[in-house]
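Note sheet for the following structure.
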Amino acid sequence: MANLGYWLLALFVATWTDVGLCKKRPKPGGWNTGGSRYPGQGNPGGNRYPPQGGGTWGQPHGGGWGQPHGGGWGQPHGGGWGQPHGGGWGQGGGTHSQWNKPSKPKTNMKHVAGAAAAGAVVGGLGGYMLGSAMSRPMIHFGNDWEDRYYRENMYRYPNQVYYRPVDQYNNQNNFVHDCVNITIKQHTVTTTTKGENFTETDVKMMERVVEQMCVTQYQKESQAYYDGRRSSAVLFSSPPMILLISFLIFLIVG
């Protein structure tokens, strides 16, 4: 972690030094760079001709009549007629490029809504996330009939749970209670729409199965949450990071 902080400090100092050198470099060119090299030089013989930089009348930078930078008539920077910056008719930038320009296709909101629904199923559940698939636990219900029924029907029960981030709950019980309710509700609704119904025995077994999976999900999310907080605390308390932050404050204040 300390090595990472040193590398960040070195990278920032190198970047800041390069920016400072770029600011000190003189801008290329000088007076009268680009275009005609003799702006005030007219054609011998009076004022019959305007100042020229090469080419015929009306050519500030060469080309045919009306060509500021070369090309055919009406070509500011070369190309065909009506081409501000080259290309075919009606191409390039400027207002002329809008002629005969095809209109942008309108976004089909039905397609957008369908894509959102297909790619973010949990988005409509108010911030719930879908956990990774788990193996359904082997549970004993107290009698042989229920144990056999569970083994024969366990594939019909959820193997993923819905949950919210652990930092939104005060304790594990609240997390598990919410997780069980939303998971069974969503699974029941989804399965019912496919023409399959659950009995009271199914619901009883699902509650036991989902409860164990929600406990496992809570333990996993809690560990990841606290590991992330600890890593952030170690990073920002390391000497290189403190030095980097102090250097940034010095640059801002100075």
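Every residue, even glycine, has its Cβ placed from backbone N, Cα and C.
Here the structure is a predicted model, which means the values were calculated and not measured.
For the region 'Interaction with GRB2, ERI3 and SYN1' (23-231), the model gives a mean pLDDT of 68. For 23-231, the entry in Swiss-Prot reads region 'Interaction with GRB2, ERI3 and SYN1'.
If you look up Swiss-Prot, you'll see 60-67 marked as repeat '2'.
As annotated by Swiss-Prot, Cu(2+) 1 binding site applies to His61, Gly62, Gly63, with the evidence given as similarity to another entry.
Annotation source Swiss-Prot lists repeat '3' at 68-75.
The Cu(2+) 2 binding site annotation in Swiss-Prot covers His69, Gly70, Gly71.
The feature Cu(2+) 3 binding site is assigned by Swiss-Prot to His77, Gly78, Gly79.
Positions annotated as Cu(2+) 4 binding site by Swiss-Prot, on the basis of similarity to another entry: His85, Gly86, Gly87.
What Swiss-Prot records for Asn181 (among others) is N-linked glycosylation site, and it gives sequence analysis as the kind of evidence. Secondary structure from DSSP puts Asn181 (N-linked glycosylation site) in a helix.
Here Swiss-Prot flags Asn197 (among others) as N-linked glycosylation site, drawing on sequence analysis. In the three-state DSSP scheme, Asn197 (N-linked glycosylation site) is classed as coil. Listed in sequence order, the residues of the same chain lying 6 or more apart from Asn197 (N-linked glycosylation site) and placing their CB within less than 8 Å of its CB: none are present.
Every protein chain shown contributes to the tally, and the Cβ of Asn181 (N-linked glycosylation site) ends up with 14 other Cβ atoms within 10 Å.
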